[in-house]
Structure formats: C-alpha cells, structure tokens
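Peer 1: Right, I'll just put the structure down here and ask away after.
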Amino acid sequence: MTELNGRVAIITGASSGIGAATAKALEKQGVKVVLAGRSHDKLNTLAKDMNEDNIHIVPTDVTNQVEVDALVAKVIDVFGHVDIFVNCAGVMRSSKITDYQVESWDSMVDTNIKGLLYSLNAILPKFEAQGSGHVVNLASISANEVSKESALYSATKSAVLMIFNGLEKELAKTGIKTTSILPGMVDTPMTERSDFGGRKKLDPENIADAIIYALTQPAHVNVNEVTVRPV
C-alpha cells in the first residue's frame, strides 16, 4: 500500500460535504492538506477541527482560471511540490431543460466541467514535470443515469467522466494516476432537500473512504473508477 504521510494534497470544494470529509481523512493520514473553496469562513471553521500544522487555506473559485492557477502556484511556492489533487467542487441544480433556466445551466457547466478543466490545466504540468501525481475527480452515478429533472447535471457529470476516461489513456506510463469517484445520493448541503424515497443517504465519510482507498494502492495499481451506492 502507498504511504500518504507527508504528502501534499489540494482539495477543491473543501468547505463542506465530501470535500470537507476528504480533507479530514487525509489529514488523519498525515497529509499536508490545502483547503480550497469559495467560502473563507467555512474553510477557517473546518481548519479549526484539524491539526493546524498540516493545513493551509487558499480561497479559490474554480470557475476563475486565474484563481485556480494561483492556487497551484501558491502550493508549489509553499511546499515545493504537490502529490494529490482532489476536485470536489461541484454544483447540482435540479430542473428540466424545458424550464429554460439558462443561469442554472451556466453555473453547472462552469463549475462541473470548466472548473475541472482549469484544474487539470494548472496541475497536470506540475505532475508531468515530477513524473508522478494522482488526480481524483468527483463524478456521480448521474453520469450514467438521468431523471426528468437532471438532464443537464447528468450531462456535466458524464462529460467529466469521459474526460477522465480519455485522460487515463493519455497519461499511461507517465506515473500519473487518475480516479473518478461516482457516488450515489450523499447526505450533503447540496442534497438536503432530497428525501431519496425514505432511504438512508451515504455519509460524506463513505466517499472519503473510497478516495483514500484509491490513493493508497501500490504504485503499479491505478483505480480508475469507483462507484459507491447506498444499500
């Protein structure tokens, strides 16, 4: 198994939900965690529950390419390198296409797709230069399933899944790993209005565990895709 102690990880969307749970899980493994997200206050609140020696906060909006580039540059400046990049930033807006909510469409495309691309544009050259690194992205089971109110959201998650499927082939034999995580319904602020038919939602920690599993595999093992569903 790969030892995570002492490694450096950037987590976007770290202020709540799966991002926050992943930050805590990595910090417990001895990882130096860079918390990135739009809410400085929420990031500070999260950091209070963690070992301050292992935490660095960089407020970042992934829809802003300049801020994403600055995030990675700042981490390189502070730590000298990055080992792990976990993209948890995401937006879900439930609506039918025929509701014509263009602002909602823009928000999902800008965050879920362009935010990932900006992140890859910033981090992959660093990983290529050092010949190692692991990029994890939160997709969703909605990448392969669609309801009458999730067409655009499902499309964005399908897009990022395909991006990662292609990226895995591009990065073969480079030492850089890629992992897509496809969660089912998770109990986060983003899903608080969904009753899920009375079924118990997954906890954010369940997804963090899946991410840790992928990150701790031996050097020759690349876990490309993990689907996690509630029973």
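Using the three backbone atoms N, Cα and C, a Cβ is placed for every residue, glycine included.
Annotation source Swiss-Prot lists NADP(+) binding site at 10-34, citing similarity to another entry. Summarising the annotation, Swiss-Prot assigns substrate binding site to S140. Positions annotated as active site, proton acceptor by Swiss-Prot, on the basis of similarity to another entry: Y153.
Quick one: how deep are these features, and who are their neighbours?
Peer 2: In this structure, T22 (NADP(+) binding site) is part of a helix by DSSP.
Look at S140 (substrate binding site): DSSP puts it in coil. Long-range Cβ neighbours of S140 (substrate binding site) (same chain, at least 6 residues apart, Cβ-Cβ under 8 Å): Y153, S154, K157, L182, P183.
There are 24 other Cβ atoms within 10 Å of the Cβ belonging to Y153 (active site, proton acceptor).
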Peer 1: Going by DSSP, is I10 (NADP(+) binding site) part of a helix, a strand, or coil?
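Peer 2: Going by the DSSP assignment, I10 (NADP(+) binding site) falls within a strand, counted as strand.
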Peer 1: Within its own chain, what residues at least 6 apart in sequence put their Cβ under 8 Å from the Cβ of A14 (NADP(+) binding site), listed in sequence order?
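Peer 2: The list for A14 (NADP(+) binding site) reads A20, T22, A23, V33, L35, A36, G37, L43, L46, C88, given in order along the sequence.
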Peer 1: CB neighbours of G30 (NADP(+) binding site) within 10 A?
Peer 2: 13
